[in-house]
Amino acid sequence: MNFLHFLTTSLLLLGGSRLALADSASSAIKIKGNAFFNSDTNERFYVRGVDYQPGGSSTLVDPLADTSICKRDLPYLQGLNINTIRVYQVDNSANHDECMSALQDAGIYVILDLATSSNSISRLDAASSYNAVFLQGIFATIDAFKNYTNVLGFFAGNEVANTAENSATTTWVKAALRDAKEYISKNSDRDIPVGYSAADVAEIRVQCADFFACGNSSVRADFYGMNMYEWCGADSSFTISGYDQRMEEFANYSIPLFLSEYGCNDVTKESDGTPDRPFDEVDAIFSSEMSSVFSGGLVYQYSEEGNNYGLVVIDGDNVTISKNYETLKEKYASAANYTGDGDYSSSPATLTCPADDSYFTSFPLPTMPSEAKGFIESGAGQPLGFNAPSNQEFSANATALVSPGPHSVSTTINTNIVQATISQSSTSGSSSGSSSASTTASSSSVSSGSSISSGSSSMSTSYTSASGSSAHSSGSSSGSSSATSSASTFNLSRFYVFAGILAISGLVFA
């Protein structure tokens, strides 16, 4: 797409929109009390956006690294009158300057998931998936995006706990969130918020939210997202949907709360079978009816991925907008007029951590794996991107031997334990000789036990919302059984690269 075509498309889409001359997203977003604010103007910031992952969240595609994707989609994103997108996974080894700069100029902020479909906390075995490989990956992603002012924040996990039975998995997600916050405090020039995006599970809805918001500032989430699809169709309302009950449940919530996914598609269908989504909930979300508790939301989702949630249909370089796109465009144009502090709470009391009950279980947060502690002080090292070894491979019992040239790495991977022996021989200057170093590392055992199996093989990455509509299946939400590799499929070359980072950086401790 050449620049003239890009500009023409932008003007056609924007038409008479009040955002034709969008404000730049050059001011960082900060948190005060239970709300977001523009750090320069001190005006309250309401998240008004869409979830954006062309190709689907289970496919390893980085839409912020491919400039052709950015140039294709940006006019349509602007046309929706949005100020925020959520991106579910990125390649931390790629360059994102052009896309992030274009989004900033268009007045669009980014909320980014740190996990990927191959590097995430597994709901099937959360304890062992919380390891050095996982942390190196999310730290490297922080490094890749920390200098972009229009990064609003990071999600440490997405829908990892999707039933009451696997609620204990939140323990390891919160540990990862804590570690990400510490990494940012030591390795970033600005304090970028870190939060969690939760499935809307009625039995644990409040307990899960309170769990992430409780504790001191070093461990609690900075914000909280809910994936909520309860408002369904033109016959729904503030009370029928249960939104009034959500307002009561979270009236005293202490951190910014927003809908990280919303937009039910269990509605009246068009003649071609596509849903006619009225998006009437937008009128409530961006009003005094909800602004004291909620700070906006993100409609799921921008592109059609075979699940009837898409606002546009993408075919190569061609984008076709739907009736749903036009509906949301008008709703968001009206929502953009809602300003003011929204009766937010400037100094809410810190929440008490929920007690375990028949629905919700938590454990003391595990200590950071010893192999990963050096990343905090020395940095994550080389970003490995989508070629990184999966942390799920470290979750299975496996043994690998890698011998590329003069280096050899013998690694035994057990549940919750990584043992590595690294030997190296070298020749230097006019004299020859060899030196060897042997180091063994064992990750810290979790105080609550060596392992917790938080689900059964019947658990999947999809869930059903309270309204009964089946929501999407997100590859970055957790490691499913298909993401866990056996020893026979363990990728040795990728593991060697990672082991080399540990060895060279001196991060494998005796």
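Any Cβ shown, glycine's included, is placed from N, Cα and C.
Record note: Swiss-Prot gives ASP200, ARG205 as (1,3-beta-D-glucosyl)n 2-binding, and the candidate from GLU159, GLU270, GLU281 in that site is GLU159.
(1,3-beta-D-glucosyl)n 1 binds ASN158, TYR300 as Swiss-Prot records it, and from the list TYR88, TYR224, TYR359 the residue named for this site is TYR88. In Swiss-Prot, CYS353 is paired through a disulphide bond with CYS214, chosen from CYS214, CYS232, CYS264. CYS232 is paired in Swiss-Prot with CYS264, the candidate among CYS208, CYS264 named as its disulfide partner. When you check Swiss-Prot, the disulphide partner of CYS99 from the set CYS70, CYS208 turns out to be CYS70. Burial estimate for the recorded positions (GLU159, GLU261): highest at GLU261, by number of other CB atoms within 10 Å. Among the record's (1,3-beta-D-glucosyl)n 2 binders, GLU159, ASP200, ARG205, no two C-alpha atoms are more than 12 Å apart, and one pair sits at exactly that spread.
Separating the Cα atoms of ASN252 (N-linked glycosylation site) and GLU261 (active site, nucleophile) is a whole-number distance of 22 Å.
Taking every protein chain shown into account, ASN252, ASN318 are the glycosylation sites, and of these the Cβ with the most other Cβ atoms within 10 Å belongs to ASN252. Its Cβ placed at the centre, CYS353 (disulfide bond) has 16 other Cβ atoms within 10 Å. The candidate set comprises the glycosylation sites ASN147, ASN337. Of these, ASN147 has the most other Cβ atoms within 10 Å.
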